[in-house]
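The feature region 'N-terminal SAM-like domain' is assigned by Swiss-Prot to 1-136, with sequence analysis given as support. What Swiss-Prot lists as region 'Disordered' is 126-148. What Swiss-Prot records for 131-144 is compositional bias 'Low complexity'. Under the heading region 'Linker', Swiss-Prot lists 137-166, citing sequence analysis as support. As annotated by Swiss-Prot, region 'Fe-S binding site A' applies to 176-190. Here Swiss-Prot flags CYS176, CYS185, CYS188, CYS190 as [2Fe-2S] cluster binding site, drawing on sequence analysis. Positions annotated as region 'Fe-S binding site B' by Swiss-Prot, on the basis of sequence analysis: 217-231. Feature annotation from Swiss-Prot assigns [4Fe-4S] cluster binding site to CYS217, CYS220, CYS228, CYS231. Taken from Swiss-Prot, the feature motif 'Cx2C motif 1' applies to 217-220. The motif 'Cx2C motif 2' annotation in Swiss-Prot covers 228-231 and is backed by sequence analysis.
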Amino acid sequence: MNSLSLELNKEQEVLIISDVENSESIINQVKELSKTVTTSLSKEQQQIQNNFDHVIIISSKPFNSALISMYSNLLKKGGKLSIYQTNENETLVNSGMDFLIGGLVDFKATSNSTYKTIVHADKPSWDTNESSTINIPSTSSNNPWASIEGGDRINENDLVSENDKTSKPATTLDDCEVGKTKKACKNCTCGRAEEENQSKPKLTKEMIENPGVGSSCGNCSLGDAFRCGGCPYRGLPTFKVGEKIQLPDDFLVDDI
């Protein structure tokens, strides 16, 4: 048993399957340390679930991973599957995910002088379909708004002072308090007085005969969308610089 390094007791039922020659001594040692030992399975026994505390596989052939689920079903809750192979088997060593999918956890791979590949995996002591009751302590259903509703309410009228009531809206300050017509006040400091004092250019006959010549912005001929606010050509159609502006016959006719 030293080569297997297993911990068995007289209360355990063990299944041991071996294709290695001269394994009778190992089987006899397992019988001495366990309650019962089974060395082969019939088809009917393969369908029995939760039957063994320990399943031991000793083989010189590559392990068939398709049998993992069958061995897992044969194990009782908390049981162990141990695989001993006389040859190195990297595929088995790296198949931890296959064992997990098959229902086994705590996958471990080792080796010793006798067995080049040793794998152990456990069946959980809990069932994947088990459910348990969780006792959640009851909480008091206090009204979360009670502390707010019970407090003193603020009168919204107290938030407005007398100065706030008599002050004029900011929208009336744009015309310097001279009425709806926007004119510069006597002591204007916003720049409106200077704007009103500027002489706006007027359209002359020369400008119509020879339009756009000497334009400072160069956009006069492009139409109102590109003309300055004080452009004398505003309202006139587009034209070519230096060519007389030709007004259509219905230019001064109201559209309505």
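The backbone N, Cα and C atoms fix where each Cβ goes, and this holds for glycine too.
CYS220 ([4Fe-4S] cluster binding site): 24 other CB atoms within 10 A of its CB, across all protein chains. The binding-site residues CYS217, CYS228 differ in how many other CB atoms lie within 10 Å of their CB, and the one with the most is CYS228. There are 15 other Cβ atoms within 10 Å of the Cβ belonging to CYS188 ([2Fe-2S] cluster binding site).
For CYS231 ([4Fe-4S] cluster binding site), the count of additional Cβ atoms within 10 Å of its Cβ stands at 19 [all protein chains shown]. A gap of 29 Å separates the Cα atoms of CYS188 ([2Fe-2S] cluster binding site) and CYS217 ([4Fe-4S] cluster binding site). When the alpha carbons of CYS185 ([2Fe-2S] cluster binding site) and CYS231 ([4Fe-4S] cluster binding site) are compared, the span between them is 26 angstrom.
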